[in-house]
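The compositional bias 'Acidic residues' annotation in TrEMBL covers A:281-297, A:326-339. As annotated by TrEMBL, compositional bias 'Low complexity' applies to A:340-350. Taken from TrEMBL, the feature region 'Disordered' covers A:277-303, A:316-356, A:449-478.
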């Protein structure tokens, strides 16, 4: 018995206020209360956890020190800011659920508003979606935006991932604002297409999450599209961020977002053939939905059955040649007919001319396991762009939906038998400016009868008139 | 990532269709029961021209280090198959093929391979007659090899866990940490809080791991903050939603979500399986 007492006394010896006996009691208590699996394996950790949490332990554990250092890096004021921002974000998301009072003067919701919840059900079949709950909130938020901006044909365009924040993009059509300059030109001298036509047919709004404020993006200029084709950048998520890269991009990130949206829309917004027809006016390139009684279903399960809705963008960055300067200007050379792009082109035209099997689309019926109904049109068909990963379209009967989800960069055109996308080639810097040449300068000046000569270099000897230093030193030394 | 937590990845913009989800649920469970796997998880979806590949991985019951067993299927059939073995020869071939996949795992890669094989066969028979040990039938180089090669390469780059979620036991087994309480918002914002779930590449960590005796709990995996170039991982903490989103910019399409302050974390890949070779110009 004396041995037991002695052993117990030893265990109860306190060093730094803790005895091994107390510690083991705590550890065993933790094991018994928490019932961890394989307690032997985790014994050391449980022991360590008890030590670090023990009030009796004066020495801070290494982990606690790291956490304290990290917390120190973010001061309390900053902590409060973060909390406030988080709270605002949740409050914003909640605000979309408010129902307007009857007395309020609520503007009418614009016509053609997409049934977002319905579309998201279909898009889920294609493996994309922003989440059912987020889509529902977006639906409410979009309805409000459409009413506020009196925009038609409002829809969720997609989500662009940015490094620091994402953009959720909404598309709609509005009348040109009154303060819009009519014949604006970009730095390359190409006319910016007015709101409602060409690459600016639709107007886009972005926000970071459903409920946040929508920001309208400016019109896209041809120059921006041309440069956007030649640079490849991740978006940062801040609309006013500068855009780096070469050639220099004319504008802030909001313009780059807009230019990429224009490019993605032109290349990937598709629908099964037969949904739209051109309006009867010969001059116009607008399209209109085919009325239900004229609609004849075409087989959308093959790539041939799909067409682009938006107008393709030409080499100038427009959908048409530049407008003629003056009405009387007949001398101007006839614009290249290829510059006038046509709507409703089949997607099979997207294949590179030298590799027809490298069609940048994959079109499949789904569910793959077979359509429960005998009617083929009852099934869904999806089209995925391989050139812009994340751009998909789904169609079922007369309904279809498009969505883009991704970083807003293309995968490059597949090259060679391996179908590996071509590596991005950054634009090379401009050629080095040639050195000034007197002959060339004189040759140009001779037309005006002038002749220039290079002055002989004026060399002033700084030591002139002074005694040479060496001599002076020599004298002193002597 | 656990299939049940897939909704956490909604912020990525990608999801599985009901069909894919339903098929995978059964397919993965079947594999788990057949092979007695401790757990099986969804890895990702690789878009291909004809059908997409769905990839899952499981942990064999007594795995020592992060030893994953990979399985794949196409969206045409949800019968999960193990990856074929990759020989050095095949790996070399795979390295040269940098394009997208077709979506047919049995597709013989390289059109003239088949003819070569027919020519070779008689030789093999002769050898057999001479009494030499008969070589096994030559394995064809098929797209499943390319898929395996690519997924393994990606997994080594992409598979990450929050710091503290896994611990190494004194007997040098890797085990989930039952007392992992999740990262705080401050911790989650730092790239040092995410560790590569693979055998460490850094020499000093390797030697720590090989040393006898007890180990410190967490410093045995490479943190993603050491990856080159800096900025290859994009980390965003959304305190409004209470999540941290980690994305790889080298493999656009990899998303990892951790619910702050909980044990829930997981990542998945949705993309065409091509690395971003233009990363240097894009950051």
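For all residues, glycine too, the Cβ spot is worked out from N, Cα and C.
Because TrEMBL annotations are produced automatically, they should be read as predictions rather than curated entries.
When Cβ-Cβ distances below 8 Å are used as the criterion, the region 'Disordered' (A:277-303) is approached by residues 309, 311, 319, 341-344, 346-348, 359, 361, 363-365, 376-377, 381, 383, 395, 397-398 of the same chain, each at least six residues removed from its ends.
Residue counts for the region 'Disordered' (A:277-303) by DSSP state, with H, G and I taken as helix and E and B as strand, are 1 helix, 5 strand, 21 coil. Residue counts for the compositional bias 'Low complexity' (A:340-350) under DSSP, helix first, then strand, then coil, are 4 helix, 1 strand, 6 coil.
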